[in-house]
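Before any comments, here is the structure.
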Amino acid sequence: MDKLKINNNLSPPSSPSSSTTTPNLSSTNLENNLNSNINNNINNFNLNNSTNTFNNSNNIIINNNNNNNNNNNNNNNNNNNNSNNNNNNINNNNPNVNSPNEVILNNNFLKQNKKGFFKRNKKMIEIFLPPKFKSPIYRRCCILLGECGVYVFIYMFFLIFLRSFYPIFICGIVSMIVLYIVSTKTTKYKLVALIYIFVQSILNFTFFLQITNNFNNNTVNINNTDDYSNEVIEFSKLNFLFIMNLILSLISIQIFFPKFTFSITLTCSLNIFNIIIHLISIYSLNTKKLIVFQNLIVPITVSFLLSFYSYILSIDNQEIEAKEKRFRNIFDTSSEALVIHKNGLIIDVNSTFEKIFQIKQSDLINGTIWEYLPELESFFQNTNGNSKYTNQSLQQQLQQQQQQQQQLYNTITNGGNNKQTSTTSANSTPRYNNYNNNNINSNNLNNLNVFNNLNNLNNLNNNNNNHHIHKVSRSNTGLSDSSSIFDDSDSVDFFSMKNINKCPIVLDTVGITPCGSEFCAQVKIERKKDMLIGSGTSSFNLLNNNNNNNNNNNNNNNNNNNNNNNNNNSNNNNNNNSNNNNNNNNINNNISNNIINNNNNNNNSGIITNLSQQSNNLSTTNLNTSSKIINHKHKNSKQDFDVMSIVDISAKKKLMIADQALRRAEELNQAKINFLTTVSHEVRTPINGILASVEILDGSQLDVTQRDFLSCIKQSADYLLDLITDILDFSKIEAGKFELDRVEFNLITMLEESINIVYRTAQERGIEVLTFIDPDVPIILIGDPYRVKQCVLNFLSNAIKFTHKGQVMVKVSIVDQINNNNNNNNNNNNNNNNNNNNNNNNNNNNNNKIVGFSNNNNNNNNNNNNGNNGILNFKLSFSVEDSGVGIKEEVLDCLFTPFHQLGGSPRKYLGTGLGLSISKKLTTLMGGEIGVKSVYGVGSAFSFTSILSTTSTTPISLQSLGSSLSIALNNLSPTIPKISGFIYDDNIHTSNSLFNFLKLMNINLKIINPIINNNNNNNNNNNNNNNNNNNNNNNNNNNNNDNNNNNNNNNDNNIDQQQLKFEFENEIDKYCNVEDDNNNVILIITNQLSNDNLNYFKDKINQLNNSIYWFVLCDNGLKAIDPFYYGIVKKPNNLLNLVDTVFKVYNCQLPQDLYQLLTNGSKDDYKNYLKYRNVVIKKITEDNEKKQQQQQQQQQQMGDTLSSTKSPQYTNLPPLDISSSSNGSLNKSNRSNLLRKSSSVYSDHVAITRGMVQVNRSPRPSTPPPLFNLKGNNSNPNSTELNSTNSVNGNPNNDSTLETIEPLNISETVGDLCSSGSVINNSNFIINNNFLTSSPYGSCLTPNSGTTSPSIPININNNDNNNNNNNNNNNNNNNNNNNNNNNNNNNNNNNNSFKKLEPDNFSPPPSILINDNNIIPALNVTTPITISTSTSSSSSLLINNEINNKSTTSKRPSFIPPLDIQSKKLIINTADENHKNNCIIDFEQIFGQDGKQQPQQQQQQQQQQQQQQQQQQQQQQQQQQQQQQQQQQQQQQQKLNIGNQQQQQILSSPRLQSQLLSNCDSLGNTPPVTPHRRNALIVDDTELNRKVLAQLLRRMDWSVSFAENGIEALKEITSERCFDIIFMDCQMPILDGFETTKLLRLRELENNWKPLNIVALSADSSSSFGQVCFDCGMNGYLGKPITLITLKDTLLKWGGYRD
């Protein structure tokens, strides 16, 4: 009877890996899988399993072997066939092939089965080895056996040579042999190791005591020194053996017990026991201490080292265990669907696979990969199911397989066709096979006579000969439908198993779920090494069956219809029984997660993994004759397994498609951005030409209509320039080419510039623009001020656009302090911000009508920098709040969308809708955020944050600046009096702003709220009460403030003047009744008083002895102010203006460092500031002393007349309206005023771009109203006291020359002041500030950045008007609307622009008529008007300037005609070509000698006389002007010396003017200068730019040369400094400006020339562009659009050479 052996072919061996884990399998599932796949036709087999390896295959090897150790009787009964009793013996230790033939049912490759002597005698070797443990324990147990064996031989050796110690050695030999035997038989490894350590220690210590005792006995009776020395040497040798044995015991502890705690315990115990033994030897055996010390120190040292090593090793083990634990979790927690498979047969999957394919793991048993990935079926296909079997000898076959063991083959069919071609190699066995189609068919089995009645398989594939690749449509997956992934030969080569072994294969295919849904999947196929390092560290549940001699496997099962197999696998005490009954004689062919490990000594193990169709009857005869039997042996117990990761990339594919579409859209968008960028740059060129041309035309002689249209052109061009700039910025940001600058700037100056750009538009709408800055905010910052200002201006422009009444407030606060080293102060800063924000609104607690501020306001400054040495970063918040229409909540989310506008129509509010979008992007670039809060119908609050830096760890905050100002006042005036008083304005927010600024200098004033008539008081009180109840709620405060402000605005004309007078009087009385009233100074700041209140307080203050300084709040809407007011506090309120006011009160001069900090001025500016301030004060003091008596008399005479009128005194004179034509001039002016809104749709637009071109300018109103007192006396009782004190004294910064300034003639003084850009205000104080304007005279080109300059409007007409109610209104026609016309004219005044005096920013003043011969003509003379006092006066002053054309669109400036109080005549000198006459107003004729008004008949007679006098004066002026023109022409043609026209040359040459001003003596006289006409070279490829710039230069008496490109420029420059200045365009097609400049600098070096002044021309005015210009050798750059004021600044700085 043949012996049947079943063996499995395995995958080739591979080295193990311990870094990857595999999924878990329970033993129950494994048993079920095994039993479900074992065919009922297999009779009587044994399974012997191994513990360390797993073998998973799909083949059956039936081997006939003889085994003497295991006898298994397998019985099988069958009704249809003869019973065959087969004795199948499987030898675990030495499998042997006895049968000459073997039957191989194999779809995998074959391996050679090697046999060796060691393997045949494995059973004998196992006797001397320990039982199977886990690998680490097994190795330690082998070491223990080795030590026992070694000690047996050592003790035997010592027994021979050291016979005196034979009892110890005999005990050692016996104990070691016993321990060795016990170790091989028991699994109690730790107990045996512990006994071994204990026995070794006892033997070793006994040996030490014995040698010590012998040494003492032998040395007692020895007297010879040599003998004693020999004994000592002998003892030392034996003691050395003791120490070595002890050290070996300590090392063994560390080896046998790897756990740190247990090993340390044993080590310490052994050392303690050693110490005890040596103590006994010292006291009992008299052992020498040196030997004891040696025996103690050596083991302790070794123990310490070993303990340290054990500790490090334990840490490493913990890390390894943690790493393995993480690896075990990777499988289940992976985001990829992981599949463990063998040749496409699914072994295990993770939870992600279940989610992707929507199937449970339990349903995946017996599944294949291609059921879910159909296109991978061809990957695992090989042949058509015809396995070749050869009849050659076994040895030859094995040799061939051994030669090709390392070569992998794969035969993949054409997956695109239904017909499959199979190829096999004669000398190779394919690695991967198709289990669907390549199964063993019945024909082959019948021919082999292996099985009878073999049936086709039904579970996998009934079509044995048809091999289909399930081609799934890829239309919904993003893959191509044209071909499969395995269609061509290249794919076959690429997807071969050879490539899989080298590197993983990644491919995209189509996945299908059981529901039929398709998706695109990315599959990664790779081969992993077996990572089984033991059952405790692997995620597999292995069936570790320890096979001993006593193991028996009995498989008995009887069934009438089936052959049943019962496999009883015994592993010590574990028995696994599985039964399988199948009535259909069919079994599942796929085994999932079956791992049966066999062969303890790395021998072959058999695994039953796949059984094909089988018959119920076996023919052993055909089996022996037709089959071949190959016993496949594995070299190693560890093998490879295949891993497949699947990722659902449907979304990725769709995203890729969308990404491609997005890329195409981005390309189109980029093309549009490039187009916009190019067009924007190109459009700016003609716009710059338009604006410059308009500025040139504005200086010519135009009538009112022409000037009106010219203003429309200018406003339209400004609007278009802003649109183009927004589009350009937007396109740069979108293209990612936008860069921010980092420069140092002054926050206060930047905010003032921003507010003044928009203030004129706000003033026209009646809106207050206020500033609130928290005290802890730094004022010197590093960042991009241009972009911060742009964001603020965008917010301000929108706020003003959507606000019709109320106010717009700019608030700055600290959000957070970003410190590089410490961030501990962030909370403090935030708390300060909250407190300071509350401080802005707590003035609205209006329980009483008069609200005061206490001294405990929360103005804490807690910016504590704890030793930070780096730059501090602050996150500042800029907020713009308005009381406008508000925004609906549903619209807020769309506000920052590009091109979005409220209401969806740009016609109502204009604009492109890019402002907020650009602001948002700029804020993001600056590291901040943008936000908005709005209540519809109440107002909005837009805010943004920006990260700005400071250059110091102790930044200068606003609070520290105020403290410095307060300290400066104390130093300059040690006996400084206490200031008290109050503030009043019709808008409570204006008072709050003033209060906050004054509080910085420790000046606390009370605030008086607006007092409305009785019908509105209730409403205001309710609002005030609401403010009291909601001080801590910012939103409520804002709303209530807005309501309160709206009430004030609605009732501007309903202010209760009587009640207001009563409140003022009470406050003044309260301050005057103070006991120490001598040192008490009363400071009062109010808006303009009514006529009755003004007269009342004049009389009241004259009766008081206190020092009362009454300042008026003025926004230059006033035509003139009464001398009752001590000074003016300008609107919009700013810190510099208030500082000037406070220093005037104390009669002190501002220190230089504080002046520069407030104004950004230079040292020269400060010197001029002190010089002209002292000169004017000194001269005016003398004039006031001379005229004091006359003015008092005139005031007394005119008092009755002025008090009888209801209008204020400053409206006594009618407005001036003189046009170039005599007929219909008044109608033209009136029509222009009436149609102002309709004349230009952009009249309310804020010209942001032009306002921002001139950076670092402070657009403050320059000329305040004059001291206009018709009574002729000074009503200010304190003016004499102020003027009598020399303000130079006590100032440490004054030059010595300034203290000895002699009195100047008033005409010379004013001429010098005008030439320096300084202006004398009504309080004898010089205002010397910068402001933004395109013309120094405030023409229609003045941008929306300043305020109107005050003037006395005078309307002169030739005919009488009987219906005129005003004394000075004379019209040609009878018109009842004169008052309305006058009012319109009064409300439309422009700025008289003056610039700060510095070399870089100098602008010529208006013409000053010094005497009858010397006239200094203005540069920009259009329709000049000369207003002069009588020539008999010692202080005659004639001012030539432009006419106020009264058109609100043109915004022409008004002039301040000084009044000669003595002669009471006002002479107006016109220089019009058509009407060249002087208009003289004689106030004695109008008011009479006593100051009273005369009847109308007398007035008409006086007017006729005046007209005659005017005609005579006009004729004289015409002659003078003709002479002047002839002289000027001769001077230009002959280039004569300056002579009598010295001042004219100064004005026409800013460079000479700067030099002359610096060389002025104390009297303001300048030394004679020999002038020459300056020459400029313009290098620009655009004709328009050359033309415009040349015209501007010619107006300033410059000669101009041209060059179209750099090559022509190089030809023009032939000698050293042949041009005073060169304007170089940067972008030119032929040799641009940068290269031309470099070539010029090289030429200068070669020829040793002095360098030329080269200024770049470009629309880019950023600091980064400026750095590029400087790097190439340019001196500076001039930004476009070029205005007259920027051109003058450039010429002043680079328009000549000093050396």
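Here the Cβ of each residue, glycine as well, is placed from N, Cα and C on the backbone.
As written in Swiss-Prot, here are the features:
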COMPBIAS  7-32  compositional bias 'Low complexity'
COMPBIAS  412-432  compositional bias 'Polar residues'
COMPBIAS  544-593  compositional bias 'Low complexity'
COMPBIAS  1198-1212  compositional bias 'Polar residues'
COMPBIAS  1219-1239  compositional bias 'Low complexity'
COMPBIAS  1271-1282  compositional bias 'Polar residues'
COMPBIAS  1283-1294  compositional bias 'Low complexity'
COMPBIAS  1355-1392  compositional bias 'Low complexity'
DOMAIN    678-950  domain 'Histidine kinase'
DOMAIN    1575-1695  domain 'Response regulatory'
MOD_RES   HIS681  phosphohistidine
MOD_RES   ASP1625  4-aspartylphosphate
REGION    1-32  region 'Disordered'
REGION    58-97  region 'Disordered'
REGION    412-439  region 'Disordered'
REGION    542-593  region 'Disordered'
REGION    819-866  region 'Disordered'
REGION    1018-1054  region 'Disordered'
REGION    1186-1239  region 'Disordered'
REGION    1252-1294  region 'Disordered'
REGION    1351-1406  region 'Disordered'
TRANSMEM  142-162  transmembrane segment
TRANSMEM  164-184  transmembrane segment
TRANSMEM  191-211  transmembrane segment
TRANSMEM  238-258  transmembrane segment
TRANSMEM  262-282  transmembrane segment
TRANSMEM  295-315  transmembrane segment
Taking only the CA atoms, the spacing between HIS681 (phosphohistidine) and ASP1625 (4-aspartylphosphate), expressed in whole angstrom, is 14
Tertiary contacts of the transmembrane segment (142-162), defined by C-beta under 8 angstroms and 6+ residue spacing from its ends, are 128-130, 169-170, 172-173, 176-177, 179-180, 183-184, 189, 192-193, 196, 200, 238, 252, 255-256
The domain 'Response regulatory' (1575-1695) resolves under DSSP into 55 helix, 25 strand, 41 coil
Model confidence for the domain 'Histidine kinase' (678-950), as mean pLDDT, reads 74
Note: in the chain of ASP1625 (4-aspartylphosphate), residues six or more apart in sequence with C-beta under 8 angstroms of its C-beta are VAL1579, ASP1580, ASP1581, THR1582, ASN1585, ASP1632, GLY1633, ALA1656, LEU1657, SER1658
Counting every protein chain shown, other Cβ atoms within 10 Å of the Cβ of HIS681 (phosphohistidine) number 14
